[in-house]
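As recorded in TrEMBL, the features of this protein are as follows:
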type: DOMAIN; residues: A:186-402; note: domain 'ABC transmembrane type-1'
type: TRANSMEM; residues: A:6-25; note: transmembrane segment
type: TRANSMEM; residues: A:46-72; note: transmembrane segment
type: TRANSMEM; residues: A:78-100; note: transmembrane segment
type: TRANSMEM; residues: A:112-138; note: transmembrane segment
type: TRANSMEM; residues: A:183-205; note: transmembrane segment
type: TRANSMEM; residues: A:226-250; note: transmembrane segment
type: TRANSMEM; residues: A:262-281; note: transmembrane segment
type: TRANSMEM; residues: A:314-335; note: transmembrane segment
type: TRANSMEM; residues: A:384-406; note: transmembrane segment
Amino acid sequence: MQTNQIFLLFCGILLLLGLVAFFLGRAKAARVRGAGISMYAQPDQYAWFTVLSTAGPALMVGAIGAFVMLLLGAEIPTFYLLSGSLVVAAVGLAVGVMQVRPEFHARQAIEHVIRLLLAGAALISIFTTFGILFSIIFEALRFFQKESLWEFITGTTWSPGASFLEAAGRAEEGSGGGQFGSIPLFAGTMMITLIAMLVAIPIGLMSSIYMSEFAPHRVRGIAKPMLEILAGIPTVVYGFFAAITVAPIIVDVAGFFGLDAAYNNAVAPGMVMGIMIIPFISSLSDDVINSVPDSLRQGALALGMTNSETIKHVVLPAALPGIISASLLAVSRALGETMIVVMAAGMRPNLTANPLEDMTTVTVSIVAALTGDQEFESSATLSAFALGLALFVVTLTLNIVSVVMIRRFREKYRINDL
Amino acid sequence: MSHSFDEISAQLKRRHRKSARLKWMSMASLGIALLFLVVFFADMLNKGLPAFQQAYVQVEVDYNEDAETMGRAALDPEIASLVSRSFERLIPGMIRDDADLLGTTETRWVLTNSQVDQYLKGHRNELSDDEKAAIDERVEDGQVDMKFNTTFFSQGDSKMAERAGIMAAAVGTIMTMLVTLAVSFPIGVMTAIYLEEFAPDNRFTQAIEININNLAAIPSILFGLLGLAVFINFFGVPRSSPLVGGLTLALMTLPVIIISTRAALRSVPDSIRQGAFAVGCSRWQVVRDHVLPLALPGIMTGSIIGLAQAMGETAPLIIVGMVAFIPDVSASFTEAATVLPAQVFTWAGEPERAFVEKTAGGILVLLAVLIFMNATAVMLRKKFERRW
């Protein structure tokens with residue numbers, strides 16, 4: 001029999017056992033109740049309890065068996081495992097029905113199980129974080145066993161290309177293995193992020209100032225969701241837009257000034273990324289500016305300050321921690337942005353300060369390393385995880401700093417809904 | 001420090017001018033942002049709308065014996081250079097399937113190749129002047145015409161631009177989203193219920209909360225690395241499959257659903273809970289019968305928005321291999337598939353001019369679906385929003 005069929009059969013039998021448990025439990029409870037004995041719970045609750053005691057342990061046995069197989073590599077035939085868990089289900093059924101007694105708190109028992117289930121679900125998010133952390137660290141460590149950490153941090157040449165010859169056992173044919181100096185990648189990432197921020201922070205911040213301080217209620221009601229649309233457009237679409245529409249324009253404009261620009265220059269992805277990030281900055285700053293207490297504004301206005309002086313000298317300084325926190329979140333997003341740079345930025349690691357040249361980023365290199373047809377064990381592929389680790393550490397730090405700053409702002413003005 | 005009245009009023013004027021300037025500048029920057037939105041949509045429509053039209057040519061198909069082995073023989077040589085090679089390849093199979101066809105002729109509309117299509121749309125193409133003249137003649141006779149492009153919606157990917165469609169990617173997207181929803185919705189809602197209704201306020205709970213907020217801010221590509229290292233390499237889920245893509249996206253969507261579900265649960269006033277407790281409900285009964293039904297519209301809104309986000313995501317899917325070339329629709333969760341954004345990405349990398357149009361067409365479909373989903377979410381919220 002196919003594994004699939006065994007599995008289906010298992011599910012069918014388990015479902016059947018569950019149904020039997022439900023009706024047996026309910027019948028017994030109804031009978032006891034019919035005899036005039038008062039019980040702690042409703043018949044339906046006893047019925048659900050028997051179902052839980054039937055299916056729960058059985059599924060647990062199945063899951064533990066599967067994990068043992070995966071983790072320890074022990075071969076337990078699927079058939080034995082599943083029939084074993086069916087036996088457990090039958091035992092659970094018997095125990096469950098026996099538990100249907102007047103003095104048994106079925107409702108509380110169910111409550112306990114549900115609470116455990118919910119807590120288990122909550123644990124999954126923790127598992128995800130640790131999964132990301134450990135999987136990346138584990139593979140990154142394998143990378144650093146092969147290549148030097150020092151070179152990774154300080155090297156200025158990134159050319160993983162040659163290392164696949166090494167992996168194929170033909171190292172002498174290449175130029176002596178790949179070189180993994182990540183500085184050009186980080187420089188490219190920083191350059192594109194910088195361009196994005198030069199676009200996003202002024203426009204985003206000014207828009208939020210307009211929306212929270214000047215705009216009539218109706219304009220604000222329309223403009224804010226319109227801006228949010230910018231954040232909802234898939235990044236792959238922005239990438240296409242940057243590569244097909246914006247990059248040629250940049251080349252033309254640069255050509256007009258007598259400058260030479262590559263078609264995959266850093267300005268196009270940077271600008272488009274900046275536009276994508278505008279709503280992040282504007283909506284967060286808008287919230288922050290709105291939650292600056294009105295008494296501050298009124299005080300400043302009462303002293304005879306004009307509107308703009310109030311904003312510049314009172315509102316913005318008060319909102320600064322929140323604005324900085326929004327900007328940091330935006331930076332972290334720009335650093336990790338992938339599709340725009342994959343589609344519009346270059347593939348060539350290039351250590352230059354000229355944004356009109358092509359340059360590549362950390363995320364582009366991760367994608368390039370993992371979409372190549374190389375052995376997973378090769379340094380070229382594993383380098384993706386080393387870069388991923390660096391990216392993880394940087395974005396996590398930015399997020400934490402940003403959270404701390406916004407908390408400080410919140411505590412200062414005792415705002416709870418931010 | 002004494003100033004004359006004139007000095008002060010001049011200074012005041014200056015200050016008011018400055019104030020007005022800030023107002024105009026801030027208004028202008030909002031205008032720039034919105035202008036970009038308009039330019040962007042105009043550009044996409046301009047590039048993508050032609051993809052919904054495709055050139056067809058009326059041809060005489062002569063099902064002779066030569067055509068049984070080489071489809072091109074069925075067509076008039078003069079016109080054969082205009083017809084899509086994908087049609088020529090179909091002819092031998094058609095004869096094999098239906099023996100009566102042999103020896104008959106038939107007039108039918110078939111796809112032209114992408115060069116003719118691009119010429120008729122006024123784009124760059126590689127046709128010679130003679131060919132262009134021949135096409136112009138046929139257009140006058142009504143033998144070449146633009147029709148609604150059904151191929152685009154009914155076919156999978158193809159290396160021939162005129163034959164390429166989004167069907168396979170659309171099915172892949174639906175299957176991937178099913179997996180994502182099936183995993184992230186129950187787990188997300190359960191987590192939120194636990195945190196909001198059951199959990200005691202201790203270290204463990206706080207750790208989970210901080211962790212969820214962090215997860216929401218982790219770059220999506222790192223979820224791809226997780227999917228590759230854990231789902232594919234460790235658990236052995238097939239690469240490129242909707243299953244692995246869906247699982248990866250589910251982990252990404254989880255924080256969105258948790259955060260919005262918590263907000264929805266929090267907006268249910270405590271008096272509801274107290275009332276239910278007062279008549280003897282257990283905590284789970286309170287949540288199931290009273291809090292959840294009231295919070296449901298909010299939960300749905302958040303989930304739809306989270307799902308829309310996942311639907312537009314590409315980076316983690318590239319890492320788990322979902323950018324494969326998929327010409328046929330597959331209906332299995334473990335076979336290689338692609339999704340709409342990944343299809344857009346693949347097409348954007350094709351050098352042929354005709355694919356630019358396909359890419360933009362795919363983008364328009366994707367944007368339409370996303371806008372529809374978000375609009376539904378907003379409508380849901382508007383309709384069921386309750387002020388307590």
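From the backbone N, Cα and C atoms, a Cβ is placed for every residue, glycine too.
Nobody curates TrEMBL annotations by hand; they come from automatic prediction.
Taking residue pairs at least 6 apart in sequence, the transmembrane segment (A:314-335) and the transmembrane segment (A:6-25) share fewer than three C-beta contacts under 8 angstroms.
Cβ atoms under 8 Å from those of the transmembrane segment (A:46-72) belong to residues 10, 14, 17-18, 21-26, 28-29, 39, 81-82, 84-86, 88-93, 95-97, 99-100, 104, 106, 109-110, 113 of the same chain, restricted to positions at least 6 beyond its ends. Outside the transmembrane segment (A:384-406) by six or more residues, the chain places 132-133, 135-137, 139-140, 142-144, 152, 180, 182, 185-186, 288, 321-322, 324-326, 328-329, 331-332, 335-336, 362-363, 365-366, 369-370, 418 with a CB less than 8 A from a CB of the stretch. The list of residues near the transmembrane segment (A:112-138) in space but at least 6 beyond its ends in sequence, with Cβ under 8 angstroms from a Cβ of it, reads 52, 56, 385, 388-389, 392.
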